[in-house]
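Features as listed in Swiss-Prot:
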REGION    91-169  region '(Microbial infection) Interaction with JEV NS2B'
REGION    110-169  region '(Microbial infection) Interaction with HCV NS2 and HCV E2'
REGION    148-169  region 'Disordered'
TOPO_DOM  1-93  topological domain 'Cytoplasmic'
TOPO_DOM  137-169  topological domain 'Cytoplasmic'
TRANSMEM  94-114  transmembrane segment
TRANSMEM  116-136  transmembrane segment
Amino acid sequence: MARGGDTGCTGPSETSASGAAAIALPGLEGPATDAQCQTLPLTVLKSRSPSPRSLPPALSCPPPQPAMLEHLSSLPTQMDYKGQKLAEQMFQGIILFSAIVGFIYGYVAEQFGWTVYIVMAGFAFSCLLTLPPWPIYRRHPLKWLPVQESSTDDKKPGERKIKRHAKNN
């Protein structure tokens with residue numbers, strides 16, 4: 001029986017986390033299926049007079065998962081250490097370059113606004129280049145050590161050496 005954090009529709013025999021019983025609608029027996037979740041709001045709206053209120057939480061169904069989010073979750077998100085260093089250097093270099101160019105152009109044109117626009121464009125460009133995990137940042141993957149069996153079970157407690165640290169006076 002689903003409780004509180006369930007993502008599906010609640011059927012007539014289910015209760016919420018607070019213990020309140022769900023509303024039983026005619027024609028629904030057992031837990032609601034996906035097809036019932038799609039037609040349930042229409043049934044409820046037809047049975048009541050129209051009102052600006054939305055459906056109670058017990059009768060609402062979860063929104064379908066968009067296909068784009070499923071595609072985005074399959075993209076790799078890791079970045080190796082050398083890639084992180086490269087991304088940081090590129091970010092700082094682009095920001096510094098755009099700040100210098102923006103300052104010079106703004107000084108020559110006597111328009112501080114152009115300095116701000118050029119620095120903002122440099123920031124946006126550096127974010128575009130460094131925030132997504134592009135393949136250039138994943139060229140040096142980490143080599144993990146193989147899992148080793150722990151050998152501490154074989155030693156007896158008396159065989160271990162006790163390390164003593166020198167006292168600092």
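Yeah, the Cβs are placed from backbone N, Cα and C, and that goes for glycine too.
Taking DSSP states H, G and I as helix and E and B as strand, the region '(Microbial infection) Interaction with JEV NS2B' (91-169) has 45 helix, 0 strand, 34 coil. Packing against the transmembrane segment (116-136) from elsewhere in the chain are residues 75-79, 83, 86-88, 90-91, 94-95, 97-99, 101-102, 105-106: each is 6 or more residues past its ends and has a CB under 8 Å from a CB in it. Each residue in the region '(Microbial infection) Interaction with JEV NS2B' (91-169) has a pLDDT score, and their mean in this model is 86.
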